[in-house]
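*Asks:* Per TrEMBL, the feature transmembrane segment maps to A:53-75, A:87-107, A:113-134, A:141-166, A:186-204, A:233-258, A:278-298, A:305-322.
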Amino acid sequence: MSFSRLLTLLTVLVMLLFLASLVTGVAAAGPGESFRALVFGDGGPLTLVMREIRLPRALLAVMVGVSLGLSGAAMQGLLRNPLAEPGLIGVSASAALGAVLALQTGLAAAFTLALPMAALLGALAGVLLILLLAGQGGGALGLILAGVALSALAAAMTSLVLNLSPNPFAANEIVFWMMGSLADRSFAHVWIALPVMAVGWLALANTGRGLEALTLGEDAAAAMGTDLRRLRLMVVTGVAASVGAATAVAGAVGFVGLVVPHLLRGAVGGRPSRLLPAAALGGAALVLAADIGVRVILSGRDLKLGVLMALVGAPVFLHLIWRMRGQT
Amino acid sequence: MSLLTLDHLSLSRNDTPVLRDISLSIEPGECVGLLGPNGAGKSTLMRAALGLVPASGQSSLARLRAADRAARVAWLPQAREIAWPVSVAHLVSLGAMARGRAEDHPSVAAAMARMGLETYRDRVATALSGGEQARVLLARALAQDTPLLMADEPVAGLDPAQQIRSMRVLRALADEGRGIVVSLHDLGLAARHCTRLLVLHRGALVADGPPETVLTPDLLAGVFDIIAHRADTPEGPSFQPLATVSQ
């Protein structure tokens, strides 16, 4: 399949799933009726549901999916490792620390956006630390080790806060938040995440050429005119901004950044620069599909997006490893 | 004009000197063999000359901007790394991309033809044998189409026929007016195919000249710690290491 054909196919898939997401929900209304209410707006409750609940939810699914897919492709390209994923540099763990601090201090209860904003700040602070630790030379290994250290530190501090918490519900809330979900989000979440994500997408979209050269290793890439420090900075800040914002509004949604680039690598001929847009669209499709799944499979039981993703993602990943045996 | 000039290049790691005050220049048309025992500093010298590791002294290439340097020199590292299952044609075209050229630039097809890879175009590079990968990676460096090519042990691990073919390609490039710097362990291969040999010993340049004057029994004993049998054949000299000088 040609590259442009693949992108067209994925775009159509994302559009279809987006429409399907808009008509999925507890409010009993047919598709035609729903879209009429969305577009023309009769001022009734269905218009409110479509415009204030389902539309932001579908938009967030696309934004989160694009962020995770794109970041996964970029991380795997930078580290030249198909097992790399966006959470590796500690973004998700630092975002969780920010969130738990917001819950703990009562800020989250004070206003709705306090939680995502605190999570975003946590992610950005974590990444500043990563850049300080691994920004100067160090190579891929230094980046991975710094990420592991940061994840461990953020997880330890999250545990400490919960451990000392006088509020018995804090642990409960943070556990549910960590499961990842797009339920009950509003346009406020879209607007807080979109600018930060857009900065991240832009940074990652510019890494294609460098990632191509990195196919041959760091030494060869440097001699081919790639500025490795700049490339590393672009990927780390791009992943931090987009995944930090995604985690802030949707909690921790795993496996997308790992599985999507993996599934699409063969279709783009292994080329890291082509994997970026393909994985972005593939991520959007997967998150949209999973978010439809959580509403259909156990409707009324608030099945968490991250839980479903891991339940489906882990066996798919095992299957991939099973098929890859003996090929490498 | 020289393709590469090194002026008092020195480098130390943990207070141990790795390169000691090396000055030399490489001219167009030279096929320069870089010799020395393991750890003599061959790879480090080439990487320092390219500016990939910081060193004191001057290298005419190291001070260039990365993009400008990619137009002047192609580098083939010793580690044969191919991270992703890309096609051979795409991998070779990365050489053209390093110059900001299109994927189908004539230099790509020329490099494939020179390395005998025409029938490999659509093969997946990671699925090839080690020897085939080495040829593909050398083709990638050739596709960069630079006045100077530096290759770190490009024939290590190749079968004898491929070793000779690769060295012929490098020599032919030099005869066409490019400059080649290639590190080697096979003294006979170096003597037969190179126009000039550099010998490194514990980070110092101890010999520099045509193969005939460089590879003396004294140098083989003093630098390589070997006693070797030299045979002169119609193809050129061959060296068979027989014993070590020290225990």
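Every residue, even glycine, has its Cβ placed from backbone N, Cα and C.
Whatever TrEMBL says is automated annotation, not expert-curated.
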*Asks:* May I ask you to check whether the transmembrane segment (A:186-204) and the transmembrane segment (A:113-134) make contact, with contact taken as at least three Cβ pairs under 8 Å and only pairs 6 or more apart in sequence counted?
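*Replies:* Taking Cβ pairs at least 6 residues apart, the transmembrane segment (A:113-134) and the transmembrane segment (A:186-204) are in contact, with 3 or more under 8 Å.
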*Asks:* Do the transmembrane segment (A:87-107) and the transmembrane segment (A:305-322) come close, with at least three CB pairs under 8 A (pairs 6 or more apart in sequence)?
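*Replies:* By the criterion, they do not touch.
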*Asks:* Same chain, outside the transmembrane segment (A:278-298) by at least 6, Cβ under 8 Å from its Cβ: which residues?
*Replies:* 6-7, 10-11, 13-14, 17-18, 20-21, 24-26, 57-58, 61-62, 64-70, 72-73, 181-183, 201, 253, 256-257, 259-261, 263-264, 267-268, 304-305, 308-309, 312
*Asks:* For the transmembrane segment (A:305-322), could you work out the same-chain residues 6 or more beyond its ends whose Cβ comes under 8 Å from its Cβ atoms?
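*Replies:* For the transmembrane segment (A:305-322), the nonlocal Cβ contacts are 178-182, 250-256, 258-259, 262-263, 286-287, 290-291, 293-294, 297.
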*Asks:* Using a Cβ-Cβ cut-off of under 8 Å, list the residues of the same chain that are 6+ residues beyond the ends of the transmembrane segment (A:113-134) and lie near it.
*Replies:* 89-99, 101-103, 107, 142-143, 145-147, 149-150, 154, 177, 188-189, 192-193, 196, 232-233, 236-237, 240-241, 243-245, 247-249
